Amino acid sequence: MKEREEIVNSDILEEFATYLELEGKSKNTIRMYTYYLSKFFEEGYSPTARDALKFLAKLRKSGYSIRSLNLVIQALKSYFKFEGLDSEAEKLKNPKIPKSLPKSLTEDEVKKIVSVADNLRDKLILLLLYGAGLRVSELCNLKIEDVNFEKSFLIVRGGKGGKDRVIPISKTLLFEIERYLKTRKDNSPYLFVEKRRNRKDKLSPKTVWMLVKKYGKKVGLNVTPHQLRHSFATHMLERGVDIRIIQELLGHANLSTTQIYTKVTTKHLREAIEKAKLIETILGG
């Protein structure tokens, strides 16, 4: 009986993943939603708001943060809607999260972190998180073909919400990419690959977190990858870059959408990057 339930649940998870994909959810979101739903099934719960609350209470007791519980709620609400149980989905309310941004690093702190990188790969990872404002998942998914060496920009594919965007990069940052690629001895299509594995798989988010933590610790700082992205936005704003341009650079607008906040062209984005000179400052150029 249990084996039959596992087969049924496996089929449901597969169908739910397809549904999420058609809804335009990113691969990372699909992975997280199906993971939480599988845990929901494993505990033997039924698709009702009452059972969902029991599940959430158990997760909270086990140490889940309010922010993590919000993600679980979104996953369950999506599943209930997938099953046509909209009334049950409506009963689930997201707890309010205090709005807070991670503490921004100073330019001097970023410079110190970059300066202690052990190798060109790690240095470039830090520079892209900061100098291009990338999310960890976006960094890991970057392929070499996403770097336009002639026109000096990155194509970030499948960002949050499955959105793509173009990020102009400075000549200095492009040079760092070229310098790093000359050291690569593998045929992986990805810009960054794992070092310790026999197969050169693409870089994992866990590795990014670990190396950022490692280099932060070397200079006496507790740093996260998102702090580098947040520092990118903060330092751009401090240097007079329009907040609407920063929002687009961060990926808060779809590549095909040109008028969400205001009309912003690639030319203006490039001027913003060149005006800020973030990488040049960090590298002392």
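Just so you know, the numbers here start at 1 and follow the chain as drawn.
Cβ coordinates are placed from backbone N, Cα and C, and glycine is handled just like the others.
Marked as domain 'Core-binding (CB)' by Swiss-Prot on the basis of sequence analysis: 7-84. Annotation comment: Swiss-Prot describes 100-274 as domain 'Tyr recombinase', evidence class sequence analysis. For Arg135, Lys160, His226, Arg229, His252, the entry in Swiss-Prot reads active site, with the evidence type sequence analysis. According to Swiss-Prot, the feature active site, O-(3'-phospho-DNA)-tyrosine intermediate maps to Tyr261, an assignment based on sequence analysis.
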Cβ neighbours of Arg229 (active site) where a neighbour is any other Cβ within 10 Å: 23
Could you break down the residues of the domain 'Core-binding (CB)' (7-84) into DSSP helix, strand and coil, giving a count for each? 62 helix, 0 strand, 16 coil
Would you please pick out, from the active-site residues Arg135, His226, the one with the fewest other Cβ atoms within 10 Å of its Cβ? His226
Reading the DSSP string in three states, the entry for Arg135 (active site) is coil
